[in-house]
């Protein structure tokens, strides 16, 4: 839908420019200036949407949460699921907008071709005579005269032929036919905007004003010229695409302007008022519109100095960056740096992995990649780019909505004027080797002498035999066990009568050595003594394929089982946020030092998200991804507030934003 947003924005600017013309310039006698204003303002209206002032662009809010917060599971999960069923769209009118628009454009194009064919037909049939660069074409059927580019159509016996020739030569010399053709094409593109019809009418009127003024300046009296126009204008049918001297529909206005007193020269300064108008529209284009189509940044925001990030720092580089660091005696065990993935706005690397056995590169990139609007055809020969202006990532749902099945694994849009391409594969660093772990040197005394060795262990008594089972390995590393209750990660919804599980915990749950047979009917336990969480690898070693999703081992002498949820669905708070009254969103019973607020629209897309909410959101603009800086429309939204350290105090509900 980017094409539609572009057209609507351009036509909005065109409306503003034409309003300025009608208000300040229409009745002035500097006709050529008015003509150029209408031409340049029309071009500017379609140029402004692709321009922006980068320093005015709101800085995006970077949150700690890159994705929508996960819904916590447990007893309180029942408040996370709205009871309403999302409506299924059976008809989407926007899918038909493009073909409807193109069909009407085609109709206007055929109309333009038909008008051109009529002129060509007259030109082919009539007698022609060449006079310099102008071709005179005789009209035998109509007593009129009109011009089209360098073609002058005129009746051979037209009275006062010299006056008509002077008038039409003005149109030919000043290329007025180009103006008409330009606005015909503009009308074809913006057929839905009625302002185009008024502009086209006014540009033709300005052409006649200019020709009338220059014709009367050659010595012809204005009164005689006006009478000549009146006598020859009645009964003449106007011809589209041409400048016609005898046009009854605009005759009265032409005569009025012919006799109007000349506008003072200083009045041309009114044209300068268009400059702040253009500046205001450029600011609006930058701040008020969120655009996915390309733009040209006229005044980009100056980048703040950021310490360079080295992908593979060396020991020398580290010493240079930290010259004052002294030798450290504690924590001298050095491990290799962790492998991290950096997202850059000017670089993109095609994702490759390593084969576990051979170490050779294996292509793992599946995203739909576009460079300046064109899709990468062969991903096997594309290794990435650098020196890009912007690299934009799309999640799966956003990519499918924009690119259909091509975006099923996500998408990446890369834009830039001077993009450079990598010529080889960029692999992740290999896994650390065992000998990369460096142990500290032996501790020495200040005088430089080694510490005395401890006394040797006395040999065992004669006949002593060590037992083989005395070698004890440490127990497996498990998650800390600080809880006395456990609830499965099940999600439920209320159907009006009872709670129905819609998502079931897939982990293998074992209580005192016995596995839970059906996790969907298991509601949790309390009064436990130990709870051990096993990773997938640990669980599969102990339980085989049953532990493919991880496992939980629970023990206790007096374990109590939680009963199934019953009763009415939990309270679902409904709030109203009146923006015109200056209200701020305050969730009842949510006083806490740290809380996270997430607001969703009717399509379950996040519009606002912050990890440190202070009851200060006015509901006017969003701050999350594509909704960053976008005005929030009035409507019904849902919210989720997570209270830090108190999962059972989390709040969910509905907001009506007015």
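Here the Cβ of each residue, glycine as well, is placed from N, Cα and C on the backbone.
Looking at 422-445, 446-469, 470-493, 494-517, the range annotated in TrEMBL as region 'Disordered' turns out to be 446-469. Of all ranges given (180-199, 200-219, 300-319), TrEMBL attaches the label transmembrane segment to 180-199. Annotated range for transmembrane segment in TrEMBL, selecting from 60-82, 129-151, 152-174, 267-289: 267-289.
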